[in-house]
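Undergrad: The annotation L-threonine binding site is assigned in TrEMBL to T34, H66, R121, A140, S142, S180. TrEMBL lists R57, N61, T117, S150, R195, Y232 with the feature ATP binding site. TrEMBL lists 12-199 with the feature domain 'YrdC-like'.
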Amino acid sequence: MARHIHIDHNRETALRDAVHVLSSGHPVAIPTETVYGLAADATNPAAIARIYETKGRPQFNPLICHMANIQMAEDHAVFDPISRKLANAFWPGPLTLILPLKPDSQIHALATAGLDTVGIRIPQGFASDLIAAFGKPLAAPSANSSGKISSTSAAHVEVDLGDKVSLILDGGAAPVGVESTILKVETDGSVRLLRPGGLVAEEIERILGLTLARSEKASATIEAPGMLASHYAPGASVRLNAVSVEKDEALIRFGGAAIAGEAHALTVLDLSPTGNLAEAATNLFDHLKTADASGARSIAITSIPETGLGEAINDRLARAAAPRPSTRAS
Ligand code: TXA
Ligand code: MG
C-alpha cells in the first residue's frame, strides 16, 4: 500500500513530500484534470526508467512532459505560430502538443524515446503547482499498468500500482476523465489529431478555422507509438454497440434508456443517464473497472454519439474492444 496524501486537506504536505520523492528520482502518482499520472523528473534517466518499470511498459514509448507554464515549455520546445495559438487558447488544459525538442533541452532521451520531438502539456490546477515547486518538467504517462485502463481516482491507482509506488496524491475524481487530446502541427500548417481526448476537436477547429487531419483509427502503426490498437483492456471482453444483453454480461449504457435483457445483466451502469457526454467521459474508466470487477465474461456497451467528447470515448472503447493476446474469455 502506498502512502496517500489528499491535496485539498494537506496541500503543503503534498507539495513538499512529492517534491522530496521526485528529487530522489522516484515516481509519484498525481492527479491531473484528465487522468492520474505517474510522474517523474523528465531530466533524470533513472527516474524515467522507474516509470517504465512501474507500468511494465514493454518498450520505451515517448512520454508526455508536463510543464508549469509557457515559459518552462519554451525552454524545452520550439513553438510555431499555430502551436503558440493553440497553447494560448487551451493551456492549462487537456491538450498535448508534439513540438520540436530544443537541442539544449535537459529533457532526457528516455522521455522522448530518442525522438527529436517532445509531447508537452500544461495541466490544470495542482499538477502545475507541483511542477512549479519542483522546478523541472515532469514526464507522466497515465498511472496504470501498461495496457490496462487508465486511473481516474487515487483508489484506482492504489488497486493497480499501490504496491509499486511509495506516494499517491489524492485529488478526488479526475474531472475530465479521458486523456489529453494530442495534436501535431505539420510544416505545411495542417494540424493532425494524433489522439482524440478531453479537448473536443470541434473546439480546436473553431479556434483555428480549419479541419483537423485525422490519423487512422485504432491502427497498430499510427504515429503516436503508444497508440496501439489494443489498449485500455479490462479482463472481460468488450462488445460495442450492444442493443441487448447476453448471458453472463455486464452492461454499460448511455442516456438512461433500458435495453433488452437488462434484467439478466451482472451489473447495469449508465455513463450518463441524461445523455451528457462530459459526464460520460468522467465516468468511463471507473464504469469499465466496476463492470470488469463484476466478474462478467463480457461487457456490453451501447452506442455513444461520435460528436464532441464522444470521439475520445469511442476511441477508448474501440481500443478496449480490440483483439488482444489474452482475455478472461479465451
Ligand atoms: O492526459 C494525459 O495526456 C495523461 C495525463 C497524465 O497527462 N497522460 C497520458 O500519457 O495519457 P501516456 O503516456 O499514457 O500517453 C502519451 C501518448 C502516447 O500515445 C505517446 O506515444 C504519445 O503521447 N507521445 C508522446 N510523445 C510523443 C512524440 N514526441 N511524438 C508522438 N507521440 C508522442
Ligand atoms: Mg496511457
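From the backbone N, Cα and C atoms, a Cβ is placed for every residue, glycine too.
Help me picture where these features are in the structure shown.
TA: Neighbours of T34 (L-threonine binding site), defined as other CB atoms within 10 A of its CB across all chains, total 30.
DSSP assigns R57 (ATP binding site) to coil in the three-state reduction, placing it in neither a helix nor a strand.
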Undergrad: Need this for a regression test: binding-site residues T34, H66, R121, S180, filtered to those with Cα within 10 Å of R195 (ATP binding site). What's left?
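TA: If one measures from the Cα of R195 (ATP binding site), the binding-site residues that come within 10 Å are S180.
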Undergrad: Write down the Cα-Cα distance for S142 (L-threonine binding site) and R57 (ATP binding site), rounded and given in Å.
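TA: R57 (ATP binding site) and S142 (L-threonine binding site) have their Cα atoms 12 Å apart.
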Undergrad: Taking R57, H66, R195 as the binding-site residues to compare, which has the smallest set of other Cβ atoms within 10 Å?
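TA: Relative to the other binding-site residues in R57, H66, R195, R57 has the fewest Cβ atoms within 10 Å.
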Undergrad: State the Cα to Cα distance, in Å, between S180 (L-threonine binding site) and T117 (ATP binding site), rounded to an integer.
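TA: Here the two Cα atoms lie 17 Å apart.
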Undergrad: Max Cα distance spanning T34, H66, R121, A140, S142, S180 (L-threonine binders), Å?
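TA: Binding-site diameter by Cα atoms for L-threonine: 13 Å.
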